[in-house]
Amino acid sequence: MDRVTDEIFPPQKRPRTDGLQGETERTGPSSQGSSFISHGTGDQLNVPEGKLNITKGPGNQFPGANFHGPTYFGIKEHFDPLQECLKSLAFLEINSRSNDIDTAAKGTCEWLLRHQTYTSWASCERGLLWIKGNPGSGKSTLLRYVLKYVTSMPSTGEGALILSFFFHGRGSELQKTPLGLFRSLLYQLGQVSDGLSDLVATFQKRCDTIGKPGENWQWHPRELQHLFESSLLKVLGTRPVWLLVDALDESGEENAVNLAEEFKFLLQRLPSSGLKQFRICFTCRHYPILDLDGVFEVCVEKENRKDISIFVQDKLSSFRERTSSRIPELITNRANGVFMWAWLVVKQVLGLERKGAGWKEIETVILLVPQELDALYRELIRNMGSDSIKLVQWICFALRPLSLDELRWAMLVDADCPHRSLFECRTAGDYPSDDDGMKRRVQTLSRGLAEITSDAKVIQFIHQSVKDFFVQKGLSALDESAKTNFVVGMAHFRLSRICIRYLAMEEIDQSINNGHHMLTIDFPFLYYATISWVAHTKQSDARSISQEDILEYFAGSSNTLVERWLRIYRVLKKYSNDCPPEGTSLVHVMSRYGVTGALGAILKRADQVGVNINGKDSHSRMPLSYAAGEGHEAVVQLLLDRGADIEAADEMGSTPLHWAAANGNEAVVRLLLDRGADIEAADEMDSTPLHRAAANGHEAVVRLLLDGGADTEAADGDGKTPLLYATARGHEVVMRLLLDRGAHIEAVDKWGQTPLSRAAGRGNEAIIQLLLDQGAYIDIADKMLGWTPLLWAAKNGHEAVARLLLDRGAHTEAVDKWDRTPLSWAAAHGHAAVVRLLQVHIAQPSSTMLP
């Protein structure tokens, strides 16, 4: 995927960086508002900022198609910003995990409500409760019980808002990351009137300036965390809030520690008065959080013996020897507070009973079961066969949980599969075609450690501790000679080759033209194989697994399978930013995604198989261009050493240095400059690498380019210098750097706008202050419309900027080419606050201006 060009774009969806987006008036959608197409004679002027279009002469005018913001289908009044904002937060599995957690057995979990620590927390004004426990001790079931209790009890508080999130380490990306947490919590806050006003304002502004959420931009976790805190503060002004978060450890070690600390500091940062009660409860293993001072703590395994006893008695209720044996008590005593251990042993007991074993034999077996959970898992997987290991690899390392239909084909095809068709694979394999049969096969192969989820019908382990065991110990135990890193790498290697083999099957090639719907129905594993084989290859390569066989899988010098993959990708995800362009080669793919080992293996045989290291795709981009844009320094080095053209330009005239600079890849920029890249290379719009770096706020790259002699006054096709771009984007640090290096503060673009005019039009108060302090002329008028900075601020309704300009002596009666003043424009656009401000300054000029 291409690198982000602004901090608001996370890795999932990325805009193209082959131009200076939103800052040129050459082509494409306008980021500043509505525009009109005018037909007829006479002068026609389009203002480069704002919503104004001015037409002289007769002719028809029609609403233009270059509005870049929220799309309104039908009547604009039907667009509900709050609802659209909530849609951008919601995700498919937002409630899946809490629904999958087993309901507490009757009579269990009640002890917590009587526990002194819990009651103290529940009755305090503000408090943080950590429910800690070993893996499998029942923490999630306990928190789900608390959620149900506080939701239903009147004593929770009048109008209390209950927020909850259940992390799920075996689930989708959003189920196990802080991004998913804050998206879910903010979505839940949406039920409170005006609770999300700050978020909605941010959402609307971003839609207006960037475009559609999920396609043109994505929410960032840190951003959402700040918005959650501001929204929470508003809600606490009127309602008590309970926040319940399960399984912090399943978000990863670093995230777990950071979130626990954030919860603690959040409570400390809140004002000491004027707010309703706020309580936070989270569950987490003892590790990675080692200690949190000043919080309430409950250790589950020290309190849950009675619950385990009730649970075991319930599960053995049909056991014929239950009343005359000590088996339930034996299981309870040896469980050491771990429900998962008790449940696995109960299943063994029931299996032995079905085979006719007596209670003394069963007791002996129980006594032989290791009491440590990992040791029990190790015992269960002893002598696992190859199909079982393959299943475990898929559950552990698939990029997302697989459905039954996907898993069936993932198991039927193998990395060294000799078959050329899916029909042959199905005939040679032994996997049931019905779901019930597949469920039984999964349970058998996994030794009871995997299950099918009730809602999404995907395969996962029965508990997070099972996945942890296999990744950290289990797979290595099955191959005693291998270390964990090697075992993980080989698993990804196998999965990548299975995906490639699947793509090569004859039936798929014959069906590509059938369309998205039929392809996904006829070939359930195709979508996963298409989007995942590269990621698995990269994971394998990162663990030093040899990729020497990669060309054999892709038929040597032939690009046939790569072309098939591209065709499939375009059918399945045609409009995705990740969809490779036509003409992509295997060298392009490995370069773009930084798969250094595989690329090296291909280039070793470049002469033998006829690989073109400078081959171009349909955007005229070479492999070096992608590697530079993505910041893959080792790949860039490898390509340059093999003779890649360092100055090769794409269809927009962008060189590898342009791409590296635009995306802030300092190490690659340095490497390219050291290897002789042209620092003043200009693209089709005469933008240089310095323009790109300045526009995107990459201070380190800007400094590196300036140290290398880059021209601060280079003007692009619109007459814009790097300073103008940095100003328009609000990159204050970069502006200071450019000004310190001699950038002209009064530089004008082809519309005659200076940095001060651009900053005023965008309402950036801090930038205005900086420019004025650096001596910018306050009343300069652009040459096209005659607008001063004050007129720009007034027309666009930027009250704070207008006040600053007025206080620094801006002329209130300056007129444009139509003899209109700032007051006239502010009134015409309905900016009442700016109108009042200007009226006061006009009436009392001497008392309101600084000397």
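Positions of Cβ are set from backbone N, Cα and C atoms, glycine also.
TrEMBL entries are annotated by machine, without manual review.
Features reported for this protein in TrEMBL:
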REGION    1-42  region 'Disordered'
COMPBIAS  27-42  compositional bias 'Polar residues'
DOMAIN    34-74  domain 'NACHT-NTPase sigma'
DOMAIN    107-285  domain 'Nephrocystin 3-like N-terminal'
REPEAT    619-651  repeat 'ANK'
REPEAT    652-684  repeat 'ANK'
REPEAT    685-717  repeat 'ANK'
REPEAT    718-750  repeat 'ANK'
REPEAT    751-783  repeat 'ANK'
REPEAT    785-817  repeat 'ANK'
Taking residues 6+ outside the repeat 'ANK' (751-783), which of them lie with a CB under 8 Å of any CB in it?
48-50, 719, 723-724, 727-728, 730, 732, 735-736, 739, 745, 789-790, 792-793, 796-798, 800-801, 804-805, 808-811, 814, 816
DSSP on the repeat 'ANK' (718-750): how many residues come out helix, how many strand, how many coil?
17 helix, 0 strand, 16 coil
May I ask for the residues of the chain that lie six or more residues beyond the repeat 'ANK' (718-750) and have a Cβ under 8 Å from a Cβ within it?
6, 20, 23-26, 685, 688, 690-691, 693-699, 702-703, 706, 712, 758-759, 762, 764, 766-767, 770-771, 774-777, 780, 782-783
Please average pLDDT over the repeat 'ANK' (685-717) for the predicted structure.
98
Helix, strand and coil counts within the repeat 'ANK' (619-651) (DSSP):
17 helix, 0 strand, 16 coil
With helix taken as DSSP H, G or I, strand as E or B and everything else coil, how many residues of the repeat 'ANK' (652-684) land in each class?
16 helix, 0 strand, 17 coil
